[in-house]
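Visitor: Not my notes, these are from Swiss-Prot:
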type	residues	note
BINDING	Cys329, His380, His505	Zn(2+) binding site
DOMAIN	1-61	domain 'TGS'
REGION	238-528	region 'Catalytic'
Amino acid sequence: MINITLPDGKIVESDGPVSGEDVAKGISEGFARNCVAVEVDGKLTDLSTPIETDASVVFITTKDEQGLDIMRHSAAHVMAEAILNLYPDAKLTIGPVIEDGFYYDIDMPPISEDDFPKIEQEINKIIKAKKPFVRKTLSKAEALDFYKDNAFKTELISELEDGTISIYEQGGFTDLCRGPHVPNTGLVKTLKLMKVSGAYWRGDSERPMLQRLYGTAFFDKKELKSYLHLLEEAKKRDHRKLGTALDLFSFHEEAAGMPFFHARGMELWNALLAYWREEHKKAGYVETKTPIMLNKSLWERSGHWENYRENMYTSLIEDFDYAIKPMNCPGGMLLYKTKHHSYNDLPIRAGEIGLVHRHELSGVLSGLFRVRAFHQDDAHIFMTEEMIEDEILGVLQLVERMYSTFGLGFHLELSTRPEKTIGTDEQWEKATEGLRAALDKSGRDYKINEGDGAFYGPKIDIHIKDALGRTWQCGTIQLDMNLPERFDLTYVGADNQRHRPVMIHRVIYGSIERFLGILIEHYAGKFPLWLSPCQAVVLAMNDDVAGYAKEVKARLEEAGLRMEIDLRAESINKKVRDAQLSKIPLMLTVGGKEEAAQTLAVRTLDGKVKYGVTIDNFLDKVLPHIETRNPDLVEF
């Protein structure tokens, strides 16, 4: 007799081996139809896999995020089969699930979006056929023989440990895969091809160029329709287009992947950093600055020279190797070592807006989201073990304040100890419990990623959610046991002995360039008044009032507003239209009446106009709005 324990504690008995699918049908036929896979004693497997001993099961359904990932994995196989049906000489490589869909890298002649209709037609045939996904196992030798005509697959197989290797069949199509998969191709309800691009095999420019075919899939057509609508909205908000339209930044081939910020872009940049500095000063941080280029010996000590050199820009100066920093951390360690520290000095909270450079292949560069030169808002907190919980909680509270100012929601993920680590069991236990206790005290829900921490410490990843519901991983709170050891950091304890400090490395904006790109799309270029590059523009109706227009601009600039003026020989309607296209929050029209009365006609971005506003009344409304960083439009 086999006892199967369900999530609610109920036990289902079976006379012999039973599949997860049969157990699900025992609950109800309707429930079984919505099941995608099953966890048996924590191990994810196909519904068809026999359960041969007593076990606890958890069913993965179409309503679970994990269920969607499994179905998209199966969709990648469906797409791959369609490609081979249409292009028999194509060679499949890898096809992982990614955020919002999947892709498959294929060695084949170039294709374009013009080929998508016939590929999707073939895909739909495979879906309608409801072909079962069948898992089979081979020895390593058998797998190598099976794929002897596909050098990409044999390369992957050769790197696997000896033992059984799984493949999945759907009709006459077979692919190398760990699984699991949905029961049959019919559960891939809607599959749409999204785009195609070139990609080097394993990201190596010396290896063959492949066709990377992207797709997405959902359990019903409504979800697909909503997703496509979201993509259309995202296109309108594309920060690359808005960056040009709003005159914020540009890129030039003379410095690929390194943004040039224009005057308006720098106003936005400075407003963002002024807020960062204000909040960090209140939270007890000092601001530091370290050199952009440092000697090879530092990078050897930090481990970057050995592990990260291919991503670093290096130079030979007077027979010494130097590298432009890809990270701010090692410089922060040197700063700590410039003084002797007592336990009474701790915690030390030191932040840096540091410019870093990382070599990225030209093919992966993408606006402000993926660049070669960017600034990180790194901070290092040095403390005793007893301070971990309070310091983590302090960072979480700072994160809450700052993200909420931008109207960004977020969720937290705690990543715990992986298999290979440095540090003792006791250090890891104290560190992890400190992070966990701080998360519990914060009152926010969080997800645990078991074994997903770095080798040098557990971490908290912070994923923000923008106005379109997209998530972005920006902030990180990383407990680091590696660099304090490598740089021999110490403090003198109450016992008058030297001790190793605990160090937290954290970022909130992350890459500031990337964060700006996210904000541009989050706000669709319509920044709140406090953040807007230009907060108000004076629009002169004619040359006769140019003097008054300049006087208004000067008075408002003196009060601290970021101002522009439009004295062009254009109609007032064109000036208003241009200001609206530039998404300037406040448009101040001045003509003969306004000059005579010493007033303004104030137009807001929502099209409302208020006449007869004095400059003092204008400032009484606007300044508190800016000082409190109010996200709403000003009401006059």
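Cβ from N, Cα, C; glycine included.
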Visitor: Looking only at Cβ atoms, how many others are within 10 Å of the one on His505 (Zn(2+) binding site)?
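Guide: There are 22 of them.
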Visitor: According to DSSP, how is the domain 'TGS' (1-61) divided among helix, strand and coil residues?
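Guide: For that range the per-state counts are 13 helix, 28 strand, 20 coil.
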Visitor: Cβ distance under 8 Å to His380 (Zn(2+) binding site), same chain, sequence separation 6 or more: which residues?
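Guide: His380 (Zn(2+) binding site) has long-range Cβ partners Cys329, Gly332, Met333, Tyr336, Arg349, Ala350, Met503, Ile504, His505.
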Visitor: Near Cys329 (Zn(2+) binding site), how many other Cβ atoms are within 10 Å of its Cβ?
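Guide: Neighbour count, Cβ to Cβ under the 10 Å cut-off: 23.
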Visitor: Excluding Cys329, His380, His505 themselves, which residues in that chain have a Cβ inside 8 Å of the centre of the Cβ atoms defining the Zn(2+) site?
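Guide: Output for this site, in sequence order: Asn328, Gly332, Met333, Asp378, Ala379, Gln478, Asp480, Leu483, Met503, Ile504, Arg506.
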Visitor: Need the DSSP three-state call for Cys329 (Zn(2+) binding site) to compare against my parser.
Guide: helix
Visitor: Name the secondary structure element type, per DSSP in three states, that contains His505 (Zn(2+) binding site).
Guide: strand
Visitor: Under a three-state reduction of DSSP output, how is His380 (Zn(2+) binding site) classified: helix, strand, or coil?
Guide: strand
